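The following features are taken from TrEMBL:
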DOMAIN    4-118  domain 'Response regulatory'
MOD_RES   ASP53  4-aspartylphosphate
DOMAIN    137-298  domain 'Sigma-54 factor interaction'
Amino acid sequence: MTNPVLIVEDEKNLRRVLVAVLEAEGYPTIAAENAEEALGMIQTKHPALVLSDQRLPGLSGTDLLRRIKEAHPEIPVIISTAYGEIEQAVEAIKAGAEHYLTKPVDEGELIALIRQTLARHGESLPPLHRELRRYGLIGVSRAIETLLETIDLVAPAPSNVLITGESGTGKELVARALHQASPRAEQPFVAFNCGAIPLELVESEIFGYERGAFTGATRAQAGKLEMAASGTLFLDEVGDMPLPMQVKMLRALQEREFTRLGTHQPQRLAARIVAATHVDLAKAVSEGHFREDLYYRL
């Protein structure tokens, strides 16, 4: 499908939502805020389908529909109406509308209706089963395509990366993808969950320790930073990192060096840090639960 879907909606936020919903499903989408702007776009962009609100400033949705059918009878038009405007919906159908939707628009119903309408009019549709498979990530939507493009853009850079998202959304998969697509791909990828172990063990796990550094340290142990070498250290759930450890992590990132517990001999920090969290870090910073300087370092 090369010709776009045209959204005609005067309410700015709803217009943005509709565009985002359609683009996430793979439909190229353009938008206008009134009928006059829409008519101009139809002349230059040749949309495959028009989805128009009934209540528009100036010409109404039905007026726009009639103008479209006069000049471009081949373009299908769907009209969206508010609850209780059934008479206007019937009028639109009589004027040649393909269908009508009642607001608030259900996303699933909208996508299904657009697919059916375009199929009826012989338009090639975004491939439902054209899976994108790279770096262990699999998807079919425009959103996953954008994610893969972002990974390709960010991966070559040496800078740290912060990945945010709800638990279970695949943040570690994205971190591994960044590593695989980077010049560090042949180096180690080391993962550490900041919220999975007790506070007193976090520092020794990340920085490592020498024999005798604390009770029970019967042998020296490399930390995650050392294990990562020139590769990638993935700090999962960094929002759960204790504040005292945040200070030490910040210093390591600033100085690009760290020290095992039990020694004063610094080691160079060569790894790239990719951090992830389900926590709203900006909010955590404002509430004093996360250091602002570490937030910006990440």
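Cβ coordinates are placed from backbone N, Cα and C, and glycine is handled just like the others.
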Neighbouring C-beta atoms (10 Å sphere around the C-beta of ASP53 (4-aspartylphosphate)): 26
In the domain 'Response regulatory' (4-118), how many residues does DSSP assign to helix, to strand and to coil? 56 helix, 22 strand, 37 coil
So what's the mean pLDDT when you look at the domain 'Response regulatory' (4-118)? 89
